Amino acid sequence: MAGVLSRDAPDIESILALNPRIQAHATLRSTMAKKLDKKHWKRNTDKNCFICEKLENNFDDIKHTTLGERGALREAVRCLKCADAPCQKSCPTSLDIKSFITSIANKNYYGAAKLIFSDNPLGLTCGMVCPTSDLCVGGCNLHATEEGPINIGGLQQFATEVFKAMNIPQIRSPLLPPPEHMPEAYSAKIALFGAGPASISCASFLARLGYSDITIFEKQEYVGGLSTSEIPQFRLPYDVVNFEIELMKDLGVKIICGKSISTDEMTLSTLKENGYKAAFIGIGLPEPKKDHIFQGLTQVQGFYTSKDFLPLVAKGSKPGMCACHSPLPSVRGAVIVLGAGDTAFDCATSALRCGARRVFIVFRKGFANIRAVPEEMELAKEEKCEFLPFLSPRKVIVKDGKIVGMQFVRTEQDETGNWVEDEEQIVRLKADVVISPFGSVLDDPKVIEALSPIKFNRWGLPEVNPETMQTSEPWVFAGGDVVGMANTTVESVNDGKQASWYIHEYIQAQYGALVPSQPTLPLFYTPVDLVDISVEMAGLRFPNPFGLASATPATSTPMIRRAFEAGWGFALTKTFSLDKDIVTNVSPRIIRGTTSGPLYGPGQSSFLNIELISEKTAAYWCHSVTELKADFPDNILIASIMCSYNKNDWMELSKMAEASGADALELNLSCPHGMGERGMGLACGQDPELVRNICRWVRQSVRVPFFAKLTPNVTDIVSIARAAKEGGADGVTATNTVSGLMGLKADGSPWPSVGSGKRTTYGGVSGTTIRPIALRAVTAIARALPGFPILATGGIDSAESGLQFLHSGASVLQVCSAIQNQDFTVIEDYCTGLKALLYLKSIEELSDWDGQSPPTMSHQKGKPVPHIAELMGQKLPSFGPYLERRKKILAASKIRENDQNRACSPLQRKHFNSQKPIPAIKDVIGKSLQYLGTFGELNIMEQVVALIDEEMCINCGKCYMTCNDSGYQAIQFDPETHLPTVSDTCTGCTLCLSVCPIMDCIRMVSRATPYEPKRGLPLAVKPVC
């Protein structure tokens, strides 16, 4: 019987058929068979594939940069968050890229969006369409590494899209007086012409400055400028443009459509007569450039300029853009697109979606001279557009009133670098449609006359000061395409940003007021920023719950000063002693942990240190505390002190610290290395009696609150906390570092190793690795000693992890390792993150969110995937022949949809308002304690099983393997489709979910049938002894 029991049953053997096995010999399979195998499992496009994927009517996102939450978190963690970051210097709007990526890595998507919109009111648009390879990404320091630069655009898009889903309005800066109390200058009438990126940016910043009478006049019946009319839906959806315009309108900016600057409507002169104090011209370049060879050609014949074609595509593909139905332009057969700029590639890929059978991109120079960014070119290449370089157009061939082809001549570059055209080399191409994206101009005489008397330059564009965006008329400013300096959306946004400050300066001067010489544009604000995160503990009011632990970030008091200036709510000094116990440290003494694996740089999950307490004198610390309290009376400063088990020493040092003006004291009874050998730190903190007595001595000596810092290196931390309370402590810090040995090299020597003898000692492990230990300690103390203040420390590296400790019963949060990974500026992320987490709890519509994470949609590569099973009743993976079938099914579905999704009604944005009170910090302290108990209190009747989303599954089989070799063999793995299927033998252990590489691909759902454990043998069978 024992042999039968210890061998897998036949049905289990069948399940294990694809489970990894150790290879005993080389594998042999024919080349022909391997070629077939390759095709079956291929996920990327076959290099020999010449079949164009059917894209008609398919305006789904095609950007390579798009990220889901999983991808965004991985990419954000990979970022180095560099000092003086080159990426920021390369961003036209000077986004604080390092900081917003820090926020994404910490799952503070609101904080990231706030940083982005603070410098760029069109942050989501730019995240989608910015040519980042030529801007921020081009300066990324990770270009110098094997893994390459960060996908900054994708991260920017992700964070701002999550914020968009929160439906939170923009508000005026809380630093401004109420509108009715603003000076008269802020009621000045300001007009902006053109509702494109430059004007939206300019108006947004002016409104943030406090101006209340801002009007944008837009010629079209839709808003957004080229973002709406010429950037395709698959790159920039209209609801994104509308969202950013609604954010601007939240501040009171008005938009009047159907009204333009022209001698027929409004001129600068009439504007001034009507009381406008300043104007901004952001009308773009409305008219297309046309080569003489296209004169007389019409759309009926098959000729379009990009200014004709792209708006038609937009109207037919962007729901909510127009109040009327507009079909897509019918583009059939072969299409020639002239030029190799970004607009040309937009035309080419749009033509495929309008029914083109083949698209030829024809351009004068070679591939090395293509003006478009690599991202755009790559998309066109992937969609099988054909590239024809070194051709210059000569004439269009028309037959029976229709275009049938074009004639070109070859171009060459001579030895001097000049491009010449060889009229003897003639090339003719058949075509049904020709699209000419040859650029744009401003040549409407009515518009030019309406702009009088401003001066124009030799290119026929308004002449502006490049620093102020001011025209020759001091009250008129201009930016965007109409000025000719901005070549991208983000540069147009920056033109508007620049102009806003100097419009402000000009208006204020008209009212006799001065502005700072250094521009100080207000940040982006929402109701989230009004959330109060102050907290009271032991009679002390903390402006926010985040502070410096008594560790490396508090090595000196100038460092504490910088931390307070950055926004930290409190700080502990580095632990100091009486002069008779002064120490000298060894080196090396602080190292990265092995727990992060081969991850180098920031984001280390642990550090180990063998550093002792401060090398500085008690006098230094006491004098410095006095200075800091004088300059930062609202910040809490706690003096951390340490002595041996000596009553007089504790009384002397505690009185000295109190006299310095410290708000409170921390008694370090827990340093796990070095100090214990001196009868200090751990030597005092592991014995309840010693802890109780030390606390009594200090209580007799001082009136200020004091907290005992506990060590996790004990059997029962609650008994130590109880002893501290009995001794008169006002609370405890839980916990200090965990004693450990981080690693040994291949020669057996430790790291860190000190001196030529390569000696070491057990050190203190810190960081997120010890968070489970710290959470356990905090919850255990909070449950045993209700209401007893706890200062948490141990793996706090974000607002999300900080909230976990608050829920566990802590009142304030000490940070060290996270600062070692980064710098003091992480406090901004922690504060905005905590405010957002509290605010979102008040919104009923977001009740299914996990913190700042929205529910995960079924997706691949961050883009929604159709449920093929719903379209055809069959599950198909996304590789090989199944992927091709999926594409064909999707293409047929898109053609069937045709006009179904072309909504006519304008988009309406609904704000989510707080229906419930926004919790204060005190309201969330200890919230999780109700869920903690003994194992015997857990419900064995309510069981769960795993449910796999086949559309998200990437078919790696990790769930299958862990279930086989560490679980219950409850997952089958199809040998052809590699789709895993969970059987009814699933016990709900959750290992599969734990190792799945795709976030939320596996969910644990309630078991529909009673759980009956497999006992191996019936309970009545007696064991063999």
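From the backbone N, Cα and C atoms, a Cβ is placed for every residue, glycine too.
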Identity of the [4Fe-4S] cluster 1-site residue among CYS140, CYS202, CYS257 (reference: CYS79, CYS82, CYS87, source: Swiss-Prot): CYS140
Please identify which of LYS709, LYS887, LYS888 is recorded by Swiss-Prot as part of the FMN site containing SER550, LYS574, THR575, GLY767, THR793, GLY794, GLY795, CYS816, SER817. LYS709
Joining ASN668, LEU669, SER670, ASN736, THR737 at the substrate site recorded in Swiss-Prot, out of ASN585, ASN609, ASN635, ASN693, is ASN609
Mind checking which of CYS87, CYS989 has the fewest other CB atoms within 10 A of its CB? They're the binding-site residues. CYS989
In terms of DSSP three-state secondary structure, what is the assignment for SER670 (substrate binding site)? coil
What else in the chain is close to the domain '4Fe-4S ferredoxin-type 2' (944-976), if you only count residues 6 or more beyond its ends and a Cβ gap under 8 Å? 8, 12, 15-20, 40, 856, 858-860, 865-869, 875, 877-879, 982-998, 1000-1007, 1014
Comparing the binding-site residues CYS82, CYS816, which residue's C-beta has the most other C-beta atoms within 10 angstroms in this structure? CYS816
Would you mind reading off the Cα separation of VAL483 (NADP(+) binding site) from THR737 (substrate binding site), to the nearest angstrom? 60
By CA-CA distance, flag whichever of VAL129, ALA340, GLY439, SER550, CYS671 among the recorded positions is nearest to CYS91 ([4Fe-4S] cluster 2 binding site). VAL129
Using a 10 Å radius around each Cβ and counting other Cβ atoms from all shown chains, which of the binding-site residues SER550, THR575 yields the largest count? SER550
DSSP-derived structure type at CYS130 ([4Fe-4S] cluster 2 binding site), helix or strand or else coil: coil
By Cα-Cα distance, the member of recorded positions LEU669, CYS671, ASN736 nearest GLY439 (NADP(+) binding site): ASN736
For CYS963 ([4Fe-4S] cluster 3 binding site), the three-state class that DSSP assigns: helix
Neighbouring CB atoms within 10 angstroms of the CB of PRO197 (FAD binding site), all protein chains considered, total 35
